[in-house]
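Participant: Sharing a structure below in structure tokens format, with a few things to ask.
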Amino acid sequence: MNFLFFAELCRKIESIKGRLDTIDLLSNAIREVECPDLPIFVRLILGKPFPDWSPLKLGIGPNLLYESVAYVTGRNREKVLSTLNSVGDLGRAVEEMLESKSQTSFFSEELTLAEVYSSFEAIAQAEGGKSQKERLRIIQRLFSVATPLEGHYITGILLDDMRIGVGEGNLRDAIAKAFDVDSGLVEHAQQILNDMGEVALLASQGKEALSHVRLHLFHPVRMMLARQGTISEVIADAGTIAVEYKYDGARFQFHKQGSTGRMYSRKLEDVTNSLPDVVSMLLNATDHNLILDGEVIAIKDGRPMPFQTVLKRFRRKHGVADAVEAIKLVPNVFDILLLDGEILLDQSFSERRKILTEVLRDYATPQLVSSDLIEIEQYYHQALDNGHEGVMLKLPNSRYTPGMRGKDWVKIKPEVDTLDLVAIGAEWGEGKRAHVYGSFLLAARQDDQLVPVSRVATGLSDEQLTWLYSTLKDEVIHSEGKMIFFEPRIVFEIGYSEIQQSPNYEGGFTLRFPRFVRVRDDKDIREANTIGDIEERYLTIHPELR
Ligand code: ATP
């Protein structure tokens, strides 16, 4: 496929407003794409050449693009920056500047989708002292051959800033429509593979192939989640249940083959290099090839440290050895998904637990199996006394359902009403906070959109404001009056006293006395709460309005 076809499609999608029209257009295009190009096409339309868990990262900053486009068009960097300032986004600026590109080749070459993709791979694989030069050379070559429209979308992908409005939801429905398969099946395959490209390829082979999607080592799967509930309700439903401490740390998935181990975070990023100590603990704890699921906590004087301390270790890229010394981590393993080539997802939890304790010498979480309310309540209070968050109740005969917040895992913790919302904008602070953002605009999810529901200024320390400013200042998209809007990347956990209906917010609801609790750095924005969740909570308090 020519890359120009792809770029023209992106332009068309950008001009469409309605979700159904976007899905129609996308599904027709997907049907046209030939098999070898299909995974590439799908990944690029999402603007992500490599899945989050892949070790391949583009890692391109705007400077390299300024330099490349200046070189190809025979202009200087100042001209690039002034075009950028006048049109507002780098994709458009590159498009405008490439219009005036000096003819560098006598032959007019046409870029193919596969060729652009292998250039992205080469950029991600460039290593060593000369890697920056190599990246520059590859981008210059792409821009010298690209038409202005192609240059626009190459820039969007390189900067991880596609902005054509295609999210996983639209894409899932478009794939389902293109190959006449159930969109639930497409979603299930995505929970396991976490690569829409591979999912599309399976879907193109039909329902049968899609439903037999398999788990692979070093290819992380979405983690199973829990719902809220009460101990008595779960006992009434299930009788005997397995009870474990709910650790307040960071979720991990560990993959091991022979002497190689890799760790993935809840967002499925590869965090192996930040956690060499945990990797070696787990490598030494078993002789098998497997995939484990668990929670890492930080321990000091026998007590768990705050969740933020653990996340500091997950985020750490430099000075890892010092961090390993300063913050002692311990893995708590509570599930096993694959053992020596055998997939265990469909086995019962009690079977998986039995296997886990047989193959893992250390670190399996302690567990109580009981049907006695008093005994389980005592275990819950013991968990709180030991500094943990509460307990998890798990149904012994349940399957492992990747990415699902089903009925089989229930979390029990002290009642605090919080919502996970995405920070989409901010206003500058005042007084001694005038140099940082002082208040934030928060949004909930609705389909593939983010809809504002509240602002928050309370509960943020100076240190947190400084960190948020330094993280978000490079993500700014545009400003409108006093508001600054940025790329939605960060999830805030927000406490509140009450949910209220509000005509001032598009979603129809807002929060009374919103209070910042913490940054949920372990959560992807796809895991933020929805307007539907907020409405449900509202109706629970006001059942008369149902
Ligand atoms: P919360 O905000 O309450 O932490 P969450 O939205 O992060 O919840 P949930 O699915 O609601 O996620 O709760 C499950 C989380 O609890 C898991 O993702 C995991 O990180 C953590 N956890 C701690 N201990 C356990 C355990 N023993 N079994 C399963 N999950 C556990």
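Cβ from N, Cα, C; glycine included.
A quick note: this is a predicted structure, and the numbers were derived from the prediction, not measured.
So TrEMBL lists these for the protein:
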BINDING   E244, R251, R266, E295, F334, R405, K411  ATP binding site
ACT_SITE  K246  active site, N6-AMP-lysine intermediate
DOMAIN    333-446  domain 'ATP-dependent DNA ligase family profile'
Participant: Including all protein chains displayed, how many Cβ atoms other than that of E244 (ATP binding site) lie within 10 Å of its Cβ?
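Facilitator: Taking every protein chain into account, the count is 22.
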Participant: Pull the DSSP breakdown for the domain 'ATP-dependent DNA ligase family profile' (333-446) and write it out as helix, strand, coil residue counts.
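Facilitator: When I sort the residues of the domain 'ATP-dependent DNA ligase family profile' (333-446) into the three classes, I find 27 helix, 47 strand, 40 coil.
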Participant: Sort E244 (ATP binding site) into helix, strand or coil using the DSSP assignment.
Facilitator: strand
Participant: Between R405 (ATP binding site) and K246 (active site, N6-AMP-lysine intermediate), what is the CA-CA distance rounded to a whole number of Å?
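Facilitator: Here the two Cα atoms are 16 Å apart.
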Participant: Of all the Cα pairs drawn from E244, R251, R266, E295, F334, R405, K411, the residues the record ties to ATP, which distance is largest, in Å?
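Facilitator: Among the residues the record ties to ATP, max Cα distance equals 19 Å.
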Participant: In the predicted model, what is the mean pLDDT computed over the domain 'ATP-dependent DNA ligase family profile' (333-446)?
Facilitator: 94
Participant: For a quick check of packing: other C-beta atoms within 10 Å of the C-beta of R266 (ATP binding site), how many?
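Facilitator: By my count, 22.
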Participant: For K411 (ATP binding site) and K246 (active site, N6-AMP-lysine intermediate), determine the Cα separation and express it in whole Å.
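Facilitator: Here the two Cα atoms are 7 Å apart.
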